[in-house]
Every structure is written in C-alpha cells, then in structure tokens.
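Record features, source Swiss-Prot:
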SIGNAL    1-21  signal peptide
CARBOHYD  181  N-linked glycosylation site
CARBOHYD  257  N-linked glycosylation site
CARBOHYD  288  N-linked glycosylation site
DOMAIN    295-381  domain 'IPT/TIG 1'
CARBOHYD  428  N-linked glycosylation site
CARBOHYD  521  N-linked glycosylation site
DOMAIN    560-638  domain 'IPT/TIG 2'
CARBOHYD  573  N-linked glycosylation site
CARBOHYD  583  N-linked glycosylation site
DOMAIN    642-725  domain 'IPT/TIG 3'
CARBOHYD  652  N-linked glycosylation site
CARBOHYD  685  N-linked glycosylation site
CARBOHYD  720  N-linked glycosylation site
CARBOHYD  780  N-linked glycosylation site
CARBOHYD  799  N-linked glycosylation site
TRANSMEM  862-882  transmembrane segment
TOPO_DOM  883-895  topological domain 'Cytoplasmic'
C-alpha cells in the first residue's frame, strides 16, 4: 500500500512539472556515471537527494555533472561526487537539476530522478536464499538505494495480496554506513519472488526462497507411514508436492512447520533404491534424495572352499521385478541364480583361502542388505584341521587338512601362558594344504601347544609338543674366581626350587652346582650362573645338566686386560697391572713395540707381571696373549719415564750472567706428574727456557757462585754437578748520549751480576745513574742473531754478551763533552774515561742507533776493534789476554 502511495504521489507531481528531454544513454560502472545528450537537448547539472517526500538530505556531499565535453554532436555529462558511491542514496522523491541550452538557469524542481534513465543497480550479488521460515540475506552492488527506501525493499507492485515489505538493516544517515552493502530480513514465505531496489518498480532482482532439503527418511512399515525430516517445507499443505520414483504422493501433511512432512498409506514390496523429490511452491529439492529398501537376510548355508557350490539365502525382500541383485560373500562374488521374496540362490566359486564369519551382502541397485536379528548373518567356509605335530632338529611339522597358504594362515605357540607368533615368512605349507613346517623359535618352557588359524578360523585340534633343553653361554669368565651366565630355553616349567642345574668342565670328575634358574629380559628366558675353575684359554668344553636332561657346550676365558703400569724405585723395573694374565710364564707372550719381551718377565700372577726396563725401550703399545687368548681391545700404550744423560755445562764448570744450564736425555717432557723432570740450582727451582724431549735449557735464578746443580725425575735423583759463574768483565764502553730528557749509556760485558752502582762524574757534579741488567740467553732474549744457513725452526746465539743499560734518574743539562764513568759490580769497582755526545732530535728514529761508534778508553788499558752495543764481537783486555765467545745452537719450535 505504501508503495502504491509513492507511485500515486509521483504521478500527481508530474502533472505540474516540466518534462525535459531524456538523455540518449546512461553509462555507469564502479567509479563513474556518464549521461550522454544530443547537443541541442537540455541536460542534468546535479542530483538533489531527498530523505522522504518533503525532506532534503543535508548530509550528502556536493555533486555535479561536468558537461563541457562534446564529441560528435553529443554532450557528455560526467558525474562528480565528493564522497564514495557507497554514500549515494536517496528516496524516490529525489530530483535532478537541469539546464536548457538557451537558458543557463538551473531548474531543480521539475524533474524526478526516476523520470528518465537513471543509474540502475549494478553488479548485484546476494549471500544466499532465505529459509521458508524467514532469514537474512546480504546484498552487495552499486546504486542499490538511489531511488528507494532506504530501510525497506518491495517484492511486488502489481499483486497486493502477495506484497510484503523486506526490512533493510542499517543507519543510512551514518556517514560510515555503506548503502551498497546491507542485510535484508525476509519474512516467512516460499516460492519465487522479485526484489525491487527502487520504489517505482523499474529495478528488480529475481529471487526465491531456499530449496527443500531432506535430512532423514523414516519408514514405519507397520503403520504404512513415511516421515521426512528436513527444512524449507513452509506451512501450507497445498504448496507441497512429494514424488516417490516420480510418482506423486497423496495424503501429505506438514506435521512440523518448515521441517517435517508425513506421507500416509505408503506400501512398497520390492527392495532397492527409491528417488524422493519434494517441491514447495514450485521450488524443488536441489538433488533428489535416495532411500534404500534393503533385502533382509535371516540365514545362509555353507559350501566347501575347495569345491564351491550353491549358497541359499533366506529372509524377506529377496526378489525384485526390475533389478537383478549382486551378491557378495567376503570379497567374492556369488552369481545370482534365482529368487523369491523369501529365498535366493547363488553360485559361489571355489576359494582356496576359505574364511570364517565373512560378511554377506545382497545388493539391489546399490542398496545393501541387512540382517533380521541384532547380530549380522555371516558366512564360513570349511574349517581347517590338525591331526599331529612333531619336532625334529629344531623343525616343527604339522599334519592336517585345509591348511591354506602362508598368506592366509597364522601359527601361534602357547608355552605355559606365554604367546609366540610365527611370522608367515617363517613357515611353509605344502601345495595340497596338508603339511606345514617351521623353525621352532626360542621358548622358555619345554612344552607348548600349537594354535593354527586360517583366515580367523581356528583348527579343531591343538597338538602339544616338547622340545629338548637348549643353552647359550652369554659371557666369558675371568681366569680366577670366574663364572659364566647361561641362557636356558625349553626347560621344565614351572621351576622347582629344589632342582638346581650343574656343570662339569672338561674331563673333570666332579660337577659344580649352579644357581636356581630365574627369569630374565622381560621374562623371555631363564638364566643360571655357574662357577668356573681357574684356567686360561679358549673353547673349553663343558657338560650342563638340569633335571634329567644334559646339554654340551663350550666357553672361553676372558682375554688379558691391561689397566695401568708402575715403576720400581729407581725406575729399573716396569710392572703391568690388569687381569687374566694367568700364572704360567710358559703360557704368556708379551710384545712391546712389536718385539717379544716375554723373556724379560721377572714375576707373574693373574693381576700383574714385572719385567726389566732397558734403556733401548721407547714409548709404544704393549700386546699380551695368554694361552692363545689375545686381548682384542685397543692395545695399551706404555709411556716410559724420562732418562737424563748428563748436565752439559759440567765440562767447563762455568755459566754466565744468564745462568743457562743444559740437560740432555730423552722423554724429558713427560706429562706424568710422577716423573716430571726438575732442575735445581742451590736447591732452588730453575726456569725452563727451551723445552724439548731430548734437551732442556733452563736458567738459574740464583746468582751465587759456586752453584750446585741437581736433577730429579719425580722424587728420584739424577745427575748433579757444581758450576761457577764467569768473573765479571767489562768489554764495551761506548760514548755517553746526552739527550734532551737526560743522559744514557749502554755498557757491554760478560757475567755482569751482583749489586750494581753507577754514576757519571763531570766537573760540576757527580750524576747518579740507574742501571738495568740484561743478561744474554734470557727467556725474552733480544740478542738472537738470525743465521740464514739454519732451518726455519732454529736460532743461532753467537758472541753474546751481557748488557748494562744506564740512564740518569732526572732530566739534567750537561754542557761538557767528557767525564768519568764509575761502576761497582758487587765488590769490584771500575772507572772509565768516557766521551759525552749531545744527541739532537731526529725525524728518523733509526739514525740514533745505527752505524759504528768509537769506544772510550778503559782505565789502565784499551779495548780495540769492538763494535758498540750489547751484542758485540771479541774483545781484548790489556793486562790479560781474554777471549770470550759463546756459540750455542738452540732448536726452538715457533707457534
């Protein structure tokens, strides 16, 4: 009624307005609207959107048509909108402003938005069909509310009896609301409908209510009643049509609005599928529902699996006037022969594998059969039988019938309640299915019975078999106080505490009792422990007896094993500690570094042996064989303590300022703390300068002379000697350097030691000097001379001297060119006339210490031909001819 009023008002207003020319065409898409006019035609300038018949929309963004573009005698008016098209909406009362070619004045009252062509809905999509009980549908598209609503949609403008309003949700005045994406609620109804997006009936979408569905089909044959459950059935019986196999059904009632239909007086005799179609007000089910009327089985006969034969099935609905059934027993087809409503016959071919409790299906047109009782009716072929079972040489042989094949047969052994399965790849069955053989697995108990199954059909007999005792030795005993652990299989179960096994080794006349067998390894077998007499060697025969059964086997003693080594006082003898060496020197062979040293053995027992240490021995592996039994583990690597040959310095009995002492020997760098090499000087530790396996160079920290030098290997004394230091000698007196920051001088000599005092006497004063002693051959030696003829890992220490580096303790100014140098080394005093040379600052640091300088004269004599510096050549002292030259080659590895 409301929509008819809208239409009437528009018609009334149109009588009082001027009708302008219509556009030639309207083009619209997601981003634009274009009106095309003839060049002499009036045209639109903008939209004027209304909320209702009297109220303008004040919230709409500005819009206008740009009509400046003219192409081929046509005017193109392009719509411009300051907002998104999602906000372009208005009532059917909205107008457009127009302008004539001859008059620039806009006319905004004369033309309704729907008078001429206008942008109709575009790209309309919907989320689905509403249920007959009503529901929501989401609509999307463009220009959906340009001339209608906005909060209602109409479904008809011509049939008042079928007209209803569809509610549109959303606040169209909300600037964030998208008027092209909204939800509409449909009232309960059915069939096909039209949905109009404008209030003039120009723009519509063909829609319908959802198709009926079927969720269940319930047949009550006793009442001849069918109940169909589902959805979208609406509420009026007159609108419902139900078809079974295309035949329309009468006596239809909607028993639950929208969701349940009942069909009365339904009768069907034949089994098979039935097609169900439901139509509600011309809207049909999307896909026909299929209901199966099954054949019902109450019993089935059996046939031989070898011969096959006719199988008889009894029940109801076993015959159809239009469908020949397919019958399946297990995974085999049974060929249809004939049937009545209550009985069916089919031919089953031979099946060598047979089967028990096989499923049976009589299928009519895809409809599986059911059973009349609560338990399914199944089919069983002939059952296998076993007549006997024997054991010989570990192989079990079964005799019977219908034993099948390894693929469908299964053998299970039950031994005192423990179950063992024989895998099908571990047994064989004869082609005539009368014999089965398999290797007997290890069982803890002697007696067991056999359960033979074929396709889940157990044989009617379970033969029992007893196996002889079987033993396995699982360890090696030690030479003395040893024992062996024996695994026991096929023993009498249960175990009797009063019955214990015994063992007899070799030709012994007496037996040794073993422990009572106990279960081991998750109860898979029994185990006993037996003591073994003292002995050595391999493959020792023994006899094991338990109850009335005996079993022969053998064992080997554990091989010799080395755990450690030790040395006697003085390191003259070596003792090897371990196990299983025996006590007979005639049965033991010892190899050190591949050489047989058995003859050097001085004492032997099961846990150790001692042999003499020879100087020729070097570190290496030691291997032992006792009575033919070798230690197969990785060989024990024997490391020997150090050997000190001599103290090299003792030939000349002298050492210099550096206190260098050289020790020769072998294995000097042992890592064993018990045999660490130490060198003492006057009972004080020395500092290692050059470490090597064969040579140690150490420095004495004690400067007293004479110097008693002793060596120790661990706590054992080695060679010793007494050394004396060289007498101090001054060999080089260079020119005193007078620098801006003070004066300095470097004095060279031999064996410079003791308390050192120094000063420089000049005419005006006596300047105290502070001196540092730098001994040659120190750990941080700076006086090594490179010798190109040596290898890259060697150094040559040649013609070295000690050095005093003296300098004034304060910055002073000295204007003189000569003076007297006073030196006191311990109790000995020296004084020398020296020259003083002023040293200017230089940009080249190396220029101050390069080249040769003339030496100063010594008091009481002169030194000639000596190069100035702490590394010098030979010097001659006046008054006593003295030549000092120390040449030492030291091999030193560089990292």
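Any Cβ shown, glycine's included, is placed from N, Cα and C.
Quick caveat, the model's predicted, so the values are computed rather than measured.
Structure with Swiss-Prot features highlighted.
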residue: 181; record: N-linked glycosylation site; Cβ within 10 Å: 14
residue: 257; record: N-linked glycosylation site; Cβ within 10 Å: 13
residue: 288; record: N-linked glycosylation site; Cβ within 10 Å: 15
residue: 428; record: N-linked glycosylation site; Cβ within 10 Å: 12
residue: 521; record: N-linked glycosylation site; Cβ within 10 Å: 10
residue: 573; record: N-linked glycosylation site; Cβ within 10 Å: 16
residue: 583; record: N-linked glycosylation site; Cβ within 10 Å: 14
residue: 685; record: N-linked glycosylation site; Cβ within 10 Å: 13
residue: 720; record: N-linked glycosylation site; Cβ within 10 Å: 14
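Mean pLDDT, taken over the domain 'IPT/TIG 2' (560-638), works out to 89 on the 0 to 100 scale.
For residue 257 (N-linked glycosylation site), none of the glycosylation sites have C-alpha atoms inside a 10 Å radius of its own C-alpha, out of 288, 521, 685. Here the candidates are the glycosylation sites 573, 583, 720, and by Cα distance the one nearest residue 428 (N-linked glycosylation site) turns out to be 583.
The Cα of residue 521 (N-linked glycosylation site) lies closest to that of 583, out of the glycosylation sites 181, 288, 583, 685, 720. Each residue in the domain 'IPT/TIG 2' (560-638) gets a DSSP state, and the totals come to 3 helix, 43 strand, 33 coil. Reduced to three states, the DSSP call for residue 257 (N-linked glycosylation site) is coil.
Cα distances from residue 720 (N-linked glycosylation site) to the glycosylation sites 288, 573, 583 are smallest for 573. The residues of the domain 'IPT/TIG 3' (642-725), classed with DSSP into helix (H, G, I), strand (E, B) and coil, number 7 helix, 47 strand, 30 coil.
A Cα-Cα distance of 34 Å separates residue 288 (N-linked glycosylation site) from residue 181 (N-linked glycosylation site). Looking at residue 573 (N-linked glycosylation site) and residue 685 (N-linked glycosylation site), their Cα atoms lie 29 Å from each other. Across the structure, residue 685 (N-linked glycosylation site) and residue 181 (N-linked glycosylation site) are spaced 98 Å apart at their Cα atoms.
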